[in-house]
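K.L.:
According to TrEMBL, the record shows the following:
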type     : residues : note
REGION   : 26-49    : region 'Disordered'
COMPBIAS : 29-49    : compositional bias 'Polar residues'
TRANSMEM : 113-137  : transmembrane segment
TRANSMEM : 149-167  : transmembrane segment
DOMAIN   : 158-533  : domain 'Cation/H+ exchanger transmembrane'
TRANSMEM : 229-250  : transmembrane segment
TRANSMEM : 256-279  : transmembrane segment
TRANSMEM : 291-319  : transmembrane segment
TRANSMEM : 331-352  : transmembrane segment
TRANSMEM : 359-378  : transmembrane segment
TRANSMEM : 384-403  : transmembrane segment
TRANSMEM : 447-467  : transmembrane segment
TRANSMEM : 519-539  : transmembrane segment
Amino acid sequence: MSRLIPPRSKISDSVVYITSVDKAANHQPAPSASQFPVGQLPHSATGQQQPIPSIDLTMSLNKHQQLGHAGFDPEETQQINASLQGMCNGLEIQQNGEHTQKRSNKSLFVRNWLIVSQPLALLAIFALLWGIAYSVLPRQLTEPNTPFMRLWFLFVGAQISGILVSLTGLPDMLGMLFWGVLYTNVGWAEFQGLQKVEVFLREMALVNIMLLAGLGLDYDSLKKLFRFIMQLTLIPTVAEVVAIAVLSRYLLDLPWLWGVLLGLVVTAVSPNVVVTVLLRLKEERLGMNKGIHTLIIAMTSCNDVLAIFLFGVILGVIFSTGSLTSQILQGPIGIVIGLAFGGACGASLLYVPSYKAKYTNGLRFTMTILAGTLSVVGSKLIGYPSAGALGCITTAFVAGTGWKKRIDYKTNEVEMYLDLLWKFLKPVSFSLIGKEVNFSVLEGNTVLYGAITLLVAVTLRLLFSYISTLGSDLNWKEKAYVTLSGFPKATVQAALGPAALDLARSLNATDDLPRAQTVLIVTVLAIIFTAPLGALLMIKLAPKWLRKEQSENVGA
């Protein structure tokens, strides 16, 4: 009986209609349980609910049983207990329902707040920085219609657009990208005198994403998957470049070298899109098994390095800016410079500062970001731009591999700081990519044949990418996801697409201007068609195609 009758703390003052067990023992019949529906509260003659007495029902019943009072009816006691149990169960169900609804509402609010709170904080930081700039800088820099403020509004608007799009469940980068598209096509993207600032910001975004990519590489997985990575890099890249060169020769009337140049621009996979998606999947622990993250990052990095330095070689050959020998050697020399510089910087980060120093994490982060920046801007200065991205990745890879073997690795926060910096550079990067998508350069037949060229070439790339995964221990879903990761085009295209046109204008090569314009148009189409769709597919298909890793001890 003590099991059936709940303790007083679980019964409210308006639930139980027994006023005293003594009355039951003294032949005063209590109301039958059938007189009241379960959960309905009895009322006194005055219509008021009867209060619960301050008595322990179980103790009283046991007491009267021990005294042997004759009038105690066991059947009536069972009815009373059944009624009590039913009413308490009803009350608990009602309370649990209310608590569940409150928790559901609270969890919904918490989820939404987790989504928007951090971007709102970044937006507040943008606003505070503008307030400081408005307070200390001349008015010709901080008035709304100045180039500086138009550039500033591009980033702020991208952040707001990203927040709004994220509330729909889509990746925020789509909102940032399309804000840049809108910005340039309504005529706001005129930043006279700030072109170098714009280029530097784009380079900083590339530095940040390459450093994160390097830290995301795992040495053991890379060593085990080296042949597989080379296979995934070379076979799809060659297939796509050859397809674009052939199709552009007959559909777009481009010479063979120009077709190869266009193929090298298009074949580069966007590290901004791919690594951003992988960082999100890493937080959700999707695809952490089998070295899939390392495989995709390494494939993306190798693909970009190959495309960038071959683009430089072909561009130099087309415009004959130097001797043929120097142009051919530029790629290999750039690789050597990037590996040497990155290896030296990464090795120095293992010892400077000491892991016992008080501000180790802050100093490591500062040295890492400065080394990556110097790698990119310095490689352009010495005439080997292909060394820049490779130097960033090598610096982070060597340092990260060494840090993982140190006893302080669990307290290493460099990757977290880089991820925080990317939160600021993300709207900068994607809005500047969208800014390159100017509808005024899209023309009739070039758009149609360019779209056909892209469709066929990208389809062939996906096909050859999947073929390249055969023989691995991945299941078909994981193979399909690795294949899909080579689809998005954005970052490298935004950097390389206008390069031929800028060079043709600077050299006054009027015969090459239409060809360079065609390259830019197809590049713009590649960004529009593949960057949003690729990001969306990678995010939406990841929970279905990748396994969620439960273990915390993962190396990818």
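Cβ atoms are placed via backbone N, Cα and C, with glycine included.
Just so you know, TrEMBL annotations never went through curation; they're auto-generated.
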K.L.:
For the transmembrane segment (384-403) and the transmembrane segment (331-352), does the number of C-beta pairs under 8 Å, pairs 6 or more apart in sequence, reach 3 or more?
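P.N.:
In contact, yes.
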K.L.:
Find the member of 291-319, 331-352, 359-378, 447-467, 519-539 that has more C-beta pairs under 8 Å to the transmembrane segment (229-250) than any other listed stretch.
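P.N.:
By the under-8 Å Cβ criterion, the transmembrane segment (229-250) pairs most with 447-467.
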K.L.:
Can you tell me which recorded stretch out of 149-167, 291-319, 331-352, 447-467 has the most Cβ pairs within less than 8 Å of the transmembrane segment (256-279)?
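P.N.:
Maximum Cβ contact count belongs to 291-319.
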K.L.:
Are there residues at least six beyond either end of the transmembrane segment (359-378) with Cβ under 8 Å to its Cβ atoms? List them, or say none.
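P.N.:
Long-range Cβ neighbours of the transmembrane segment (359-378): 200, 203-204, 206-208, 210-211, 338, 341-342, 345, 348-349, 352-353, 387-389, 391-392, 395-396, 399, 408, 411-414, 417-418, 421.
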K.L.:
Other than its close neighbours in sequence, what residues sit by the transmembrane segment (291-319), given a CB gap under 8 Å and a spacing of at least six beyond its ends?
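P.N.:
Sequence-distant neighbours of the transmembrane segment (291-319): 210, 213-214, 216-218, 221-222, 224-225, 228-230, 232-234, 237, 257-258, 260-261, 264-265, 267-269, 271, 274-275, 278, 281-282, 326-328, 330-331, 334-335, 338, 385-386, 389-390, 393, 474, 478, 481-482, 485-486, 492, 496, 499-500, 503-504, 507, 509, 512, 546, 555-556.
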K.L.:
What else in the chain is close to the transmembrane segment (447-467), if you only count residues 6 or more beyond its ends and a Cβ gap under 8 Å?
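P.N.:
Distant contacts of the transmembrane segment (447-467): 232, 235-237, 239-240, 243-244, 247-248, 251-252, 263, 266-267, 479-480, 482-484, 486-487, 518, 521-522, 525-526, 529-530.
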